[in-house]
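Novice: One structure follows; several queries about it will come next.
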Amino acid sequence: MEKEDIEKLFQEVKKSLQYSYCPYSNFAVGACVVSDDKNTYIYGANVENASYGNCICAERVAITKAVSMGYTKFMAIGVMSAKGRVTPCGICRQVIREFSKDINVYMFHDDGGYDMKTIEELLPDSFGPDDLK
């Protein structure tokens, strides 16, 4: 992605933090996926539940929202917390991998700086759709 695209992704991720529902942990997380054609940015925020096992991470909210809108191929995903940089949890890494073996994952800092890793770096030797063929 070009510098302008990464900046736009950061702004969308940052904006998504305001939609976090985190009354138990007070740990707001926002995420945004970018369609493979770079034309669509779809964001999500974490949603907590009193029954903690029912919580859903921001990355999965963004991806399921995108899939429900007809998007199934992504070139990038960005994530950050209101407290700064975070990385996707294991479940989110597997969900990200479901839709792209080559996606870049941008983990943003408060100031717009970021660390970028591929999903392969975050989830090496992964299991995915091709393994079921």
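Note: Cβ is positioned from N, Cα and C throughout, glycine not excepted.
Keep in mind that what you see is a predicted model, and the values were worked out from it rather than measured.
The annotation domain 'CMP/dCMP-type deaminase' is assigned in Swiss-Prot to 4-130 on the grounds of sequence analysis. Under the heading substrate binding site, Swiss-Prot lists Asn46, Val47, Glu48. The feature Zn(2+) binding site is assigned by Swiss-Prot to Cys57, Cys89, Cys92, with similarity to another entry given as support. According to Swiss-Prot, the feature active site, proton donor maps to Glu59, an assignment based on similarity to another entry.
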Novice: Which of Glu48, Glu59 (the recorded positions) has the most other Cβ atoms within 10 Å?
Specialist: Glu59
Novice: Just name the winner among Cys57, Cys92 (the binding-site residues) by count of other CB atoms within 10 A of its CB.
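Specialist: Result for the most crowded candidate: Cys92.
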Novice: Using the centroid of the Cβ atoms of Cys57, Cys89, Cys92 as reference, list every other same-chain residue with Cβ within 8 Å of it (recorded Zn(2+) site), in sequence order.
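Specialist: Nearby residues not in the site list: Ala58, Glu59, Arg60, Pro88, Gly90, Ile91, Arg93, Val95.
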Novice: Hey, for the substrate site built from Asn46, Val47, Glu48, who else sits with CB inside 8 A of the CB center?
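Specialist: Nearby residues not in the site list: Ser20, Tyr21, Cys22, Val29, Ala45, Asn49, Cys55, Ile56, Cys57, Ala58, Val61.
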Novice: In the structure shown, which of the binding-site residues Val47, Cys89 has the fewest other Cβ atoms within 10 Å?
Specialist: Cys89
Novice: Given the recorded positions Cys57, Glu59, Cys89, Cys92, which lie within 10 A of Val47 (substrate binding site) by CA-CA distance?
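Specialist: So the list reads Cys57.
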Novice: Using all protein chains in view, find how many other C-beta atoms are within 10 Å of the C-beta of Asn46 (substrate binding site).
Specialist: 25
Novice: Where the distance is taken from Cα to Cα, which of the recorded positions Asn46, Glu48, Glu59 turns out closest to Cys92 (Zn(2+) binding site)?
Specialist: Glu59
Novice: Quick one: Cα separation, Cys89 (Zn(2+) binding site) versus Asn46 (substrate binding site), in Å?
Specialist: 12
Novice: Compute the C-alpha separation of Glu48 (substrate binding site) from Cys57 (Zn(2+) binding site), stating it in Å without decimals.
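Specialist: So the Cα of Cys57 (Zn(2+) binding site) lies 8 Å away from that of Glu48 (substrate binding site).
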